[in-house]
Amino acid sequence: MEGAGPRGAGPARRRGAGGPPSPLLPSLLLLLLLWMLPDTVAPQELNPRGRNVCRAPGSQVPTCCAGWRQQGDECGIAVCEGNSTCSENEVCVRPGECRCRHGYFGANCDTKCPRQFWGPDCKELCSCHPHGQCEDVTGQCTCHARRWGARCEHACQCQHGTCHPRSGACRCEPGWWGAQCASACYCSATSRCDPQTGACLCHAGWWGRSCNNQCACNSSPCEQQSGRCQCRERTFGARCDRYCQCFRGRCHPVDGTCACEPGYRGKYCREPCPAGFYGLGCRRRCGQCKGQQPCTVAEGRCLTCEPGWNGTKCDQPCATGFYGEGCSHRCPPCRDGHACNHVTGKCTRCNAGWIGDRCETKCSNGTYGEDCAFVCADCGSGHCDFQSGRCLCSPGVHGPHCNVTCPPGLHGADCAQACSCHEDTCDPVTGACHLETNQRKGVMGAGALLVLLVCLLLSLLGCCCACRGKDPTRRPRPRRELSLGRKKAPHRLCGRFSRISMKLPRIPLRRQKLPKVVVAHHDLDNTLNCSFLEPPSGLEQPSPSWSSRASFSSFDTTDEGPVYCVPHEEAPAESRDPEVPTVPAEAPAPSPVPLTTPASAEEAIPLPASSDSERSASSVEGPGGALYARVARREARPARARGEIGGLSLSPSPERRKPPPPDPATKPKVSWIHGKHSAAAAGRAPSPPPPGSEAAPSPSKRKRTPSDKSAHTVEHGSPRTRDPTPRPPGLPEEATALAAPSPPRARARGRGPGLLEPTDAGGPPRSAPEAASMLAAELRGKTRSLGRAEVALGAQGPREKPAPPQKAKRSVPPASPARAPPATETPGPEKAATDLPAPETPRKKTPIQKPPRKKSREAAGELGRAGAPTL
């Protein structure tokens, strides 16, 4: 190769029009004619976005660009035509541009690459050199003789043979054997040598160790060692000289018995398997071929399968979760996760107690178990469990058949709950407690009583609010009275309790008697220490009625009975009506005297038992001090105490006399218990008897009550005095007496009920006749005002009330007016107020004290013998 080498080859050359004509021109013309023939195969549609695909001017149809030919849906083949046609060893890489084929180089691509080069323009170096040659296109090595390996780097070790070019294994020449073909074979011409073992293998028709014996098997081979004939197909016998009669099978080589092929049976294997069977000896059953079609007798294949079956032999059910023809349907979900039937799609099985295509239906009543195949036993008052068949009892019964009632103390389902009743007598079904007849009545009565109490409380609250708003006596008060009223809050609170009692309905107590009343002054600053009248004993003489406004529910009691409060008017500075002047009373006498005399022991001033609610309420609400009364239950005293009181002898009553019935016309409308007293009347208290009186009980035999304790406290304290004021002109004597201020409190501790002891040590003592006359004047004034009130009420309409029985009246002789202590004028603003003419003030309804009652006849007789009631 002169001046030509692989490195000096030009890249590519362009054929010009003036080049020499190609020697391959006739062949190219033939190819062009073939290309111009109509194509019998429809060309593939071009991809508008493919390589070298263009659009013709004025058309939207894609076509290959100039110089390119279609290859698939693109234009990937370059075309070199005309003067640009490539030679035999050239390839067209671009339109009108040729390049040398791999393995060739030169100006005309007519020079083959040297052994050590390959590829385009012989630019790639061959790695097999010098023991092999590279392929021009791929560069794969082809080793020379006696060389092997990927790069022909290994030498072949076979002595009488060749090596495999990749593995190097030896291929021995005939007559040689061994790993490297180094051993020679010693076999006759009727045999060949085994290259691995070197043993001689006899040719067909020869047998023996040296393969020198010929077989006598009628052209059939024989065993190499024994020479026994190995008959060919369809022959049998010792020499393979008999013809086999089997139609679809093989004959036994000795006796010629037929061994039928699968799908046939019979002596000569002429009978195919019956429908539904296939295989060797027709022993296997066909699968679920559709429509009872027979399967192939040899393999058992079916043309189509029944619904729910799959496989070539239709012997495999549908996979889990599928069913139907061709196993193309998906099973709907079954209850409890069970699979569906591969043929019908229904659930294969259900849990005990459920049936249906989807196991969605419970067993009907009376059956239970799997597929509801079992019948329930009799469950009495219960029902059968649809799963287990066990009787489920209703509340109140138990047992295997639900026919046993719950024992006492238990209830509910299966009697599993304990009763919460006191005596375990509850309903076995609901557990409600059974009440006996008396218990039911008690519960009903308690409910009714509760309703009545609620109604009563609501009524009391309503009445209190209504009466407080309608009280005509409430009016604006001066600032000083308001300040004094704050100090007397306990007394007003006591009065409000009495107002509640006045709103209660009147309850007739026809078989009770009025109690005895003992009046004693209490300190104005005393704490809340009042109660109401004690209900008379039911064993005494019946009375027409007793005002329910005298409550028996609260306040203090003493050894002699309960204590109730009677408010009196305020002092001049504390008076509710500032327009009415008041006259202070003189200081009490130095020596106490009894309130009654033997001459007045036969009569007693009657005291009414009822009172007007509004007047009594207004009087109790006053800020002034209160008169307290004790209801003394008289006990049997010695004859000496019974016969004389305060040193005065009284003749005992010969017999107990029943008092005559009261006159309804003279019954007052206002009770002295709640009536408003004037300051003067309340202030003139009788003097107590001397300490040595036999009628006074011993101090050691008498308990100290809260009222006595308060009285004792005031007694040892500093004495309080009031400035006496003169009676204003024009004011009647009775009004003056009623308006007089209240004297200091008197205590009766240790001197018997009704005996008053002055606590004011500063003033002169008052005589007994003087005190008696003042008390009589007060009572006469109250009686007159009561009469005027009755006349006024009679004009409006009489109120019929049952009159209480009257006791024998004991009168107190009036004291001489000359003995009344003179009133001294008090200078100050009060005097200027009294100089003015006093306006006419409304008369207060002053009740009269009701005579007390005794519990027994002996007590009544003792009262008659004792004389007048102790005030």
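Every residue number used here counts from 1 along the chain in the order it is shown.
The backbone N, Cα and C atoms fix where each Cβ goes, glycine too.
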Practice problem: May I ask you to name which of Ser651, Ser698 Swiss-Prot has annotated as phosphoserine? | Solution: Ser651
Quiz item: Where does the N-linked glycosylation site label fall among Asn218, Asn403, going by Swiss-Prot?
Solution: Asn403
Exercise. Could you tell me which of the ranges 1-20, 221-240 is annotated in Swiss-Prot as region 'Disordered'?
Key: 1-20
Exercise. Determine the mean pLDDT over the domain 'EGF-like 4' (183-212), rounding to the nearest whole number.
Key: 86
Practice problem: On the DSSP side of things, how many residues of the domain 'EGF-like 7' (372-403) fall into helix, strand and coil, could you say? | Solution: 1 helix, 10 strand, 21 coil
Exercise. Express the distance between the Cα positions of Cys143 (disulfide bond) and Cys128 (disulfide bond) as a whole number of Å.
Key: 8
Quiz item: Which residues, sitting 6 or more apart from Cys158 (disulfide bond) on the same chain, put a CB under 8 Å from its CB?
Solution: Cys170, Arg171, Cys172, Gln180, Cys181
Quiz item: Taking only the disulfide-bonded residues Cys200, Cys202, Cys384, which one has a CA atom nearest to the CA atom of Cys402 (disulfide bond)?
Solution: Cys384
Quiz prompt | Residues of the parent chain within Cβ reach of the domain 'EGF-like 4' (183-212), under 8 Å, 6 or more residues beyond its termini | solution = 172, 174-177, 219, 221-227
Practice problem: Sequence order is fine: just name those disulfide-bonded residues in Cys98, Cys231, Cys240, Cys391, Cys393 with a Cα within 10 angstroms of Cys376 (disulfide bond). | Solution: Cys391
Quiz prompt | Other CB atoms, at most 10 A from the CB of Cys80 (disulfide bond) | solution = 20
Practice problem: State the non-local partners of the domain 'EGF-like 7' (372-403) in its own chain: residues 6+ outside its ends, Cβ under 8 Å from one of its Cβ atoms. | Solution: 351-353, 355, 362-366, 411-415, 427-430
